[in-house]
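Novice: Once you've had a glance at the structure underneath, I'll fire off some questions.
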């Protein structure tokens with residue numbers, strides 16, 4: 001019996017170290033008081049090396065979004081003498097190129113559907129108004145990115161309430177805001193009128209082309225009927 005105990009004791013001494021090191025524990029709760037080593041399971045934490053990006057308002061209003069689309073379509077002039085479908089195909093190729101540069105992981109159809117959905121968001125609407133007025137807001141966006149990069153959060157905690165309103169002229173500020181608001185409303189109304197006028201002209205052009213295509217089809221049908229009559233004679 002002593003020889004068996006010596007054998008097992010030596011086996012315990014000669015056992016290779018556990019890969020878990022100090023985390024291995026001994027369990028003495030088995031039957032007969034036998035000792036066995038119980039190693040805890042490895043806990044694998046799921047970490048995302050590259051978080052999944054989504055096409056959102058920030059990307060659409062960024063440098064690769066609407067601003068890039070305007071540059072892409074800047075030199076595009078459809079030829080009224082060409083086939084409308086050919087002009088449409090050229091336009092869609094430019095949209096596809098823009099969508100690929102903005103968000104390469106999505107198909108063109110999905111990008112356009114997503115852009116249509118984002119167009120109803122307040123942030124995108126405000127950006128469009130500012131963009132039409134020539135106020136892109138790149139400086140404020142750049143400043144915000146720099147603050148986020150440096151870990152600076154402006155919560156107004158360091159501002160003194162007395163200093164905030166110390167040099168604030170009440171009447172002048174109110175009058176200036178009212179004037180700026182009126183100018184902004186006038187510019188927005190002018191832009192809306194221009195957009196409506198362009199849309200009306202495009203709609204008239206489309207109807208005219210449809211009418212011409214219909215008349216051409218009627219003439220072709222008439223010529224075919226005339227040819228059939230000659231063949232019958």
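Cβ coordinates are placed from backbone N, Cα and C, and glycine is handled just like the others.
Found this in Swiss-Prot, in case it helps:
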type	residues	note
COMPBIAS	1-14	compositional bias 'Acidic residues'
COMPBIAS	163-190	compositional bias 'Basic and acidic residues'
COMPBIAS	197-216	compositional bias 'Basic and acidic residues'
COMPBIAS	217-227	compositional bias 'Acidic residues'
REGION	1-39	region 'Disordered'
REGION	134-233	region 'Disordered'
Novice: As a quick check of your reading of DSSP, tell me how many residues in the compositional bias 'Basic and acidic residues' (197-216) are helical, how many are strand and how many are coil.
Specialist: 20 helix, 0 strand, 0 coil
Novice: Under 8 Å between C-beta atoms and at least six residues away from its ends: which parts of the chain pack against the compositional bias 'Basic and acidic residues' (197-216)?
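Specialist: Cβ under 8 Å, 6 or more out: 80, 84.
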